[in-house]
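If you check Swiss-Prot, you get these features:
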ACT_SITE  LYS37  active site, proton acceptor
ACT_SITE  TYR271  active site, proton acceptor
BINDING   ARG135, MET319  substrate binding site
MOD_RES   LYS37  N6-(pyridoxal phosphate)lysine
Amino acid sequence: MLKRASFVEVNTASLRHNFSAVKSIVPKDAHIMAVVKANAYGAGAIKASEIFLQEGANYLGVAALDEALELRSHFPKTPILILGYSPNANASMLIDNDLSAMVFSLEQAEVFSQMALKSQKRLKVHLKIDTGMHRLGLEPNFKSIETIKKIRALKGLEVEGIFTHLSNADAKIKTHAKNQMKAFNAFLEQLLDQKIEFQYRHAYNSAGILSLCNGNENRFLNLYRPGIMLYGFYPSNEMKESCPTILKNVISLKAQIVQIRSVKKGEFIGYGEHFYTNEETLVGVLALGYADGLMRALGNRIQVAINNQLAPLIGKVCMDQCFVKLNNIQAKEGDEVILFGDKSAKANDASEIAALLNTIPYETISTLSKRLERVYI
């Protein structure tokens, strides 16, 4: 890859540490699906997957076909599940690349089966059950049992898994999450009563792993799906404050100062007259902008770390560049700037940036552009 003056630094030791944290919580005989959608939440899907597989991951989880195909080109034998919706038009690519798909309707299952039979193959599928998130899935009721019987009878499919998704397991009060698991477990018991079993049964995301593995709600589960915790973040501030598990920061957004210029008093910096120089101002220009994932709204709102000093980000963030004020800062062209990342360097971490923008760290890191090089340390 061509070098740029901005990049995402990824701490591989932290990736390994966080995966080990998952292994220390889930049952010893459990399978682990490392969720690496959205370019591994910004960390780089190929390298992150390689590390998780080395550490013992049994499965990889993504959201869409393009993500799955990228992984398949590097990991020809690794099980890969597309957790999101797969259009019928994608069926042949799912089959040809030995990918597993999420299914939630008989109609789609029939299309997938027909396509698989034409290829003289079988497509692996996982059935999605909606236990209370009300997004996608079959309802956990008698009608769905009949639907599942019909899906399992389709000769072009291998129904290897069944799963649900917890919508609120990161809350302080776990009532909704426990009710979801109660519904899922009851449904699994009804299926077992009719001798319907699955190789994989899964429900716990990071929030479930961190907060619900000490009860018996997971008694039927044998596969766990860690996501955000692998990249060093807790699913919510409540969990961060109460959870004994230590997670380590993985991602830092960095850029070099490409030019330093002195701007006289009484000038505006950047687009739209959003920063006025009320004194002679030393301005450092960074080759990093909102097209790279540095939110435009952060201009005039955060401080960045330069040589263990804090300097304000000024003006509006441009598409490809931004500005820092260097008055009283020891810095030169080529010096490294940490926009967010490891707090040991005085920088904000992604959760603090997210709080400032009234969002979550998932968004802060997963929107980091692929045009930024990932540098692994």
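Just so it is clear, glycine is given a Cβ too, placed from its N, Cα and C backbone atoms.
Feature annotations (Swiss-Prot) mapped to structure.
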| residue | record | Cβ neighbours (10 Å) |
| --- | --- | --- |
| LYS37 | active site, proton acceptor | 19 |
| ARG135 | substrate binding site | 10 |
| TYR271 | active site, proton acceptor | 14 |
| MET319 | substrate binding site | 11 |
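Cα of ARG135 (substrate binding site) to Cα of TYR271 (active site, proton acceptor): a span of 40 Å. Distance from the CA of MET319 (substrate binding site) to the CA of TYR271 (active site, proton acceptor) is 11 Å. Separation of the C-alpha atoms of LYS37 (active site, proton acceptor) and MET319 (substrate binding site): 25 Å, rounded to the nearest whole number. According to its DSSP assignment, TYR271 (active site, proton acceptor) is helical.
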